[in-house]
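**Student:** Let me give you the structure first, and then I'll get to my questions.
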Amino acid sequence: MAGRPTGGPQGAPSHDLLLDLENDQPVYGGGQRSTLNDDDLMRTYTRDQESGQDQGRPSVSYDDFIGAGQSRQHGTGSQPGGPGQSSSSNNNNNNNVSAPYSRSGRQYSQTSDLGNYQRYADDFDDYPADGDSFYQQGGALNGGGADAAARHNARNRNSVLTMGGGFFGKMKNRLGMGQGYSEMDLPLTEPGGGGGGAGGGGHSRADSSGIDPPKRDKKFDMGNFKFGFGRSKPDPSTLGPRIIHLNNPPANAANKYVNNHVSTAKYNIATFLPKFLLEQFSKIANVFFLFTAALQQIPGLSPTNRFTTIIPLVAVLMVSAGKELVEDYRRKQADAALNTSRAQVLRGSTFEETKWINVAVGDIVRVESEEPFPADIVLLASSEPEGLCYIETANLDGETNLKIKQALPETSQMVSSSELSRLGGRMKSEQPNSSLYTYEATLTMQTGGGEKELPLNPEQLLLRGATLRNTPWIHGVVVFTGHETKLMRNATAAPIKRTKVEKKLNTLVLLLVGILMVLSIISTVGDLIIRRVEGDAISYLMLDQPDTAGKIAETFFKDMVTYWVLFSSLVPISLFVTVEMVKYWHGILINDDLDMYYDRNDTPANCRTSNLVEELGMVEFVFSDKTGTLTCNMMEFKQASIAGIQYADEVPEDRRATIQDGVEVGLHDYKRLKENRKNHSSAPAIDHFLALLATCHTVIPEKGDEKGGKIKYQAASPDEGALVDGAATLGYTFTDRKPKAVFIEVDGQTLEYELLAVCEFNSTRKRMSTIYRCPDGVIRVYCKGADTVILERLNENNPHVEQTLTHLEEYASEGLRTLCLAMREVSEQEFQEWNQVYEKAATTVGGNRAEELDKASEMIEHDFFLLGATAIEDRLQDGVPETIHTLQEANIKVWVLTGDRQETAINIGMSCKLLSEEMMLLIINEESAAATRDNIEKKLEAIRAQGDRTIELETLALVIDGKSLTYALEKDLEKMFLDLAIMCKAVICCRVSPLQKALVVKLVKKYQKESILLAIGDGANDVSMIQAAHIGVGISGEEGLQAARSADVSIAQFRFLKKLLLVHGAWSYQRVAKTILYSFYKNITLYMTQFWYTFRNVFSGAVIYESWTLTFYNVFYTVLPPLALGILDQFISARLLDRYPQLYSMGQQNQFFRMKVFIEWLLNAVYHSIILYVFGELIWHGDLILENGQIAGHWMWGTALYAPVLLTVLGKAGLVTSNWTKYHVIAIPGSMAIWWIFIAVYGTVAPMIPFSPEFHGIVPKLYSSPIFWLQSFALAILCLLRDFAWKYAKRMYRPESYHHIQEIQKYNIQDYRPRMEQFQKAIRKVRQVQRMRKQRGYAFSQADESQARVLQAYDTTQNRGRYGEMTSSRPQGQGT
């Protein structure tokens, strides 16, 4: 079809087109894959970038992606024998068949002129002729039923071991690490006979001339070897079309196509355990703990109990597994809601309601207005004339304008279920692929004279993800289901994302492991020295004295194991489960935030991936879709300028019309317009203006059943619908349409306008004209379009041009979409002469018909009289301008990536305050790579040359279209383009494809490695962008939920992004950072005292604390403070974080979790451990003698030292707490109370079991000792005194920015900003009056389609038949 992706032209004819098969996709000459598979392109690009290969980026612009030009007609496309084949291809005459399409009797079809070759076997005679339909045969199959059909249509399928690249490839796919969904391994069809397999003897593969195809040289292929598992790859010659039997469910079931089940869940029963364990042990800390647990099992080497590591590790994994299962259960619930949606499927001669999951390939379904399509469907018939229907693809490509699809004339009459049940035949469809806008198939129908083969193309394909609009119902046959639908083929498996904090955490863990190694080596060397130097003096310890190299090595190994286990808790095992729980609760807080709840459609925020919450506080780039994300998809006719006079639906008091210097300025309301239409000098202009709005369009009126009911307009463009509604509001109501006339009602009188010709809109012309014979008999040309093309076609006698231009500037400054309206009268002779030229152009055969039509249109579109201009508001979502302004204040760069045209995107940029009046627009809109490079280089040179003198980077905004972006994303130009884009405050990319959206995100991610990227969108076309970014946010609510279901967080409105980032993001980042640092601190403090003790116990490896007391340190005694800090701490209130968005930069700069901060916490922990151990040693020096004369002993001293350590780390938690709540009181002082109570119980019960005999009698002695209580509080105060002094000095003499805000919060200091903002708004209004904008957009959004075909097909004056069809569309006397 139209538009070829950038992949180069078709190469020379090849006799070996299909070389190999990998992952069920054909590979083409030269080993290059089809450029249409987004997944493969993204993976190839990522691999090339990582390997450093200098290859161009596979970028496909929006226009190339969907086809911007007119559809090209293939000369062979309408002939029988398969799509794209000529009739001669079905005979033995190959003279007319080019080499790429035919080799040795095989036919190939080039899918929609896009180089995506699909092999079509010419031995279709092996398939049984479908006689009558399955239902007409009484539910029986010819030849023995389904089993026989299955044997006859044997399919050479991949085995479980060979699909997806062998056993390991299959396992990777099942674990979600392969190239797509685990369910997306597609079966390959093979037309074979008699159960013959690939290469079996079912039938001969020779062509009709009896010449065998040339044999390929067999070469060894590791991919074929499969490591000894399964069988080799299937022969590519087995590829054939998908055969779908009409009204024959058993025959289709025998083919075992994938079902219509769609899953976005991360796990299933089989994959949960291996995938979960693989993900968990990709974390360095978990591998470390597993290794330590293994060392503890070595008898005689571990100084602690052998289960003190493995049990906490299992507990951590269990908690993580529970969290993962809960989150995956939510995904499964969302999938179940979709899979259990209701659809109407033909069963027998009636439509029965069933679940989407039960819809199968070959089913005939009925879809009604406003319903989404349950699968990929080929349109058979609709309620509209000529089999037309409107669909909305906003969830696929982001476009809100309706697309027109049309059924084949041969099937468009099948409007009743009984007619459909008698439909017999088969479809030969291309294999599933990811191209949204191409499709080739043939439909073979049973007719009275035999079979009739009809070509199918994208005009008949209705995709899953699209929605039926403005059409009561359609009938269609399902061709692709589930993960084989084009929507799901364009989706990618959700990647496992690692946060910046998590990566830094792994680095810190490695650092602590390094410290652990150093401590272990120091202790081991100390032990060896003590054994050698002091061995005789301490012979009573019976220590071995290694005297040989082997003995030394053995002792060294044993000591290293001992000390590794002893110091292993420097890495807190509870940290990771604590962080998991903290992040999980952050997700709950996001979900439960009523400020982000959208009550209009009962949609709360939903954090689907809580692992990423802290990165919400570190975002530097936001990539946003426009349609449905920034806007509401609702067009409203707001203002009009007619004959130099402005009219509006609502007129503010300060803008009401007044007379100044004899000139009327300001706005009139619509009431005044109706008065002027009757008795004002501008009445003729008003009449033609409103008549143009009511007639020059492609809108179809739909009347209600009741007489006098409100007319509903079916508009392919929301702009046109708004204009026609506006005309109706002003008294010119469009009522009916005939193929050659339109009818409007004015003042109760019906007027007929005879349609003579249509000059269609396209993106080059930027205008649309209709030629009517008006009710007064005069022929007039009505034209509407962009001001740039209308104004240059005006005659000299136009008195209102200047006033209209002024009004256009005002509309553009308000972000409204504008159109200019003009007309001219044409004599009968001039029209007849022109019409001959136009008819000749319309019948031109060849590729230049569109050009000839444009030339013919130019001949009559001149000397116009300007009637006025319209202003349409593409209403933004509530709060969008304020949100974008706040994000920019927070130093977040906002890039808008949209499929809309450049003018529309700029308009929206102005409306949402992404672009401001002070900004200088840098526009790149080139047609070649060289021109794009030259444009970018000149702009960069100009910026760098000016420096800080005349150009402020804050005033620059970049606007680039899809074609230029294609060139800019090439490898040799991408860095230069990114340098220019980074210099700009705002970037708008127009006419971009879904693939380009993802590539732009990948480009920024590649070069801005330290930046966090967030992508937000609402449609399926945004999924690849969402998954490419560090954080994906989906807009849920009005449209489909594909983006929301694939995102990490979903919200209902764009404005909620402000609180999500500035409040929840900032809180999460600060909380997670504080939780991690505190967890490291508390463990280092405790276990460094153990290290200092090794110098006292002659490096014997003895422990200072009882084993289970050590274990319970992280599990019970210090588990609550990190949770309180991580879940409840608020370093700044939500109100002030919103008021001062500049605070957000702290997360961008990673102020709370950089290496410097970690070192400070580490040194602080070491300092505390030294104070605690040294003073504890001094207090208990020589074993303190108790009141009863007994010596305290080793275990009593260790337990006494444990108390001040615990009190110190809990006191530190109190010092770093920003706001105290009752939960902080429970968590921090409460934890100390827990220890005092627990140690009393444990010290009493454990020795009695006996479980810990060394604790016998210790607790009574400790609790009765005043030295114990004095030491506990005195040492804690001594340690924390330095911390308190440092905190005081920091706030008083070197405060951070947030310290000032905390003071404002504490003392409730009033802010002057509200008054300042009011003053700034007043200044902006003054500037808007003083300055006129040059950028204006025009309000056409429909695709470049054939409007004439629509206008000349409808006759709304006819009544509908029994099934809602037009009575004129059914042959007379035909039954139902």
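Note that Cβ sites are derived from N, Cα and C of the backbone, with glycine treated the same way.
According to Swiss-Prot:
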type     : residues                                                                                     : note
BINDING  : 625-627, Glu720, Phe761, Ser763, Lys766, Lys784, 817-818, 898-900, Arg991, Lys997, 1021-1022 : ATP binding site
COMPBIAS : 40-50                                                                                        : compositional bias 'Basic and acidic residues'
CARBOHYD : Asn339                                                                                       : N-linked glycosylation site
CARBOHYD : Asn433                                                                                       : N-linked glycosylation site
CARBOHYD : Asn490                                                                                       : N-linked glycosylation site
CARBOHYD : Asn679                                                                                       : N-linked glycosylation site
CARBOHYD : Asn762                                                                                       : N-linked glycosylation site
CARBOHYD : Asn1083                                                                                      : N-linked glycosylation site
REGION   : 1-151                                                                                        : region 'Disordered'
REGION   : 180-217                                                                                      : region 'Disordered'
TOPO_DOM : 1-306                                                                                        : topological domain 'Cytoplasmic'
TOPO_DOM : 328-509                                                                                      : topological domain 'Extracellular'
TOPO_DOM : 531-559                                                                                      : topological domain 'Cytoplasmic'
TOPO_DOM : 581-1107                                                                                     : topological domain 'Extracellular'
TOPO_DOM : 1129-1165                                                                                    : topological domain 'Cytoplasmic'
TOPO_DOM : 1187-1190                                                                                    : topological domain 'Extracellular'
TOPO_DOM : 1212-1224                                                                                    : topological domain 'Cytoplasmic'
TOPO_DOM : 1246-1257                                                                                    : topological domain 'Extracellular'
TOPO_DOM : 1279-1376                                                                                    : topological domain 'Cytoplasmic'
**Student:** Consider the glycosylation sites Asn339, Asn433, Asn490, Asn679 and say which one has the Cα lying nearest the Cα of Asp625 (ATP binding site).
**Tutor:** Asn490
**Student:** Taking the Cβ of Glu720 (ATP binding site) as the centre, count every other Cβ atom within 10 Å, in any protein chain shown.
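**Tutor:** I get 28 for this one.
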**Student:** What does the structure give for the C-alpha distance between Asn1083 (N-linked glycosylation site) and Asn1021 (ATP binding site)? Integer Å is fine.
**Tutor:** 48
**Student:** Expressed to the nearest Å, what is the distance separating Lys766 (ATP binding site) and Asn490 (N-linked glycosylation site) at their Cα atoms?
**Tutor:** 32
**Student:** Validating a neighbour-count step here. Other CB atoms within 10 A of the CB of Asn339 (N-linked glycosylation site): how many?
**Tutor:** 19
**Student:** Under 8 Å between C-beta atoms and at least six residues away from its ends: which parts of the chain pack against the topological domain 'Cytoplasmic' (1212-1224)?
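**Tutor:** Long-range Cβ neighbours of the topological domain 'Cytoplasmic' (1212-1224): 1074, 1078, 1081-1082, 1121-1122, 1124-1125, 1128-1132, 1168, 1280, 1283-1284, 1287, 1302.
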**Student:** Is the topological domain 'Cytoplasmic' (1129-1165) packed against any residues at least 6 beyond its ends, judged by a Cβ distance under 8 Å, and which are they?
**Tutor:** 500-501, 504, 508, 617-620, 886-887, 889-892, 1012, 1058-1059, 1061-1063, 1065-1067, 1069-1074, 1076-1078, 1080-1082, 1084-1085, 1088, 1217-1219, 1283, 1296-1298, 1301-1302, 1304-1305, 1311, 1313
**Student:** Could you give me three numbers for the topological domain 'Cytoplasmic' (1129-1165), the DSSP helix, strand and coil residue counts?
**Tutor:** 25 helix, 0 strand, 12 coil
**Student:** Mind checking which residues reach the topological domain 'Extracellular' (1246-1257)? Cβ under 8 Å, same chain, six or more beyond either end.
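**Tutor:** Sequence-remote neighbours of the topological domain 'Extracellular' (1246-1257) are 1106-1108, 1195, 1199.
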**Student:** If you count, for each of the recorded positions Asn433, Asn679, Asn1021, Asn1083, the other Cβ atoms lying within 10 Å of its Cβ, which residue has the minimum?
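**Tutor:** Fewest other Cβ atoms within 10 Å, among the recorded positions Asn433, Asn679, Asn1021, Asn1083, is found for Asn679.
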**Student:** Determine how many residues of the topological domain 'Cytoplasmic' (1212-1224) DSSP places in helix, in strand and in coil.
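**Tutor:** Counts, helix then strand then coil: 8 helix, 0 strand, 5 coil.
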**Student:** Return the member of Asn339, Asn433, Asn679, Asn762 nearest to Asn1021 (ATP binding site) in space, with distance defined Cα to Cα and candidates limited to these glycosylation sites.
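**Tutor:** Smallest Cα separation from Asn1021 (ATP binding site) among Asn339, Asn433, Asn679, Asn762: Asn433.
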**Student:** Using DSSP, tally how many residues of the topological domain 'Extracellular' (1246-1257) sit in helix, strand and coil.
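**Tutor:** The counts are 6 helix, 0 strand, 6 coil.
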**Student:** Looking only at the topological domain 'Cytoplasmic' (531-559), report the model's average pLDDT.
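**Tutor:** That stretch averages a pLDDT of 75.
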**Student:** At the level of the C-alpha atoms, what whole-angstrom distance separates Glu720 (ATP binding site) and Asn433 (N-linked glycosylation site)?
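**Tutor:** If we compare the Cα positions of Glu720 (ATP binding site) and Asn433 (N-linked glycosylation site), the gap is 34 Å.
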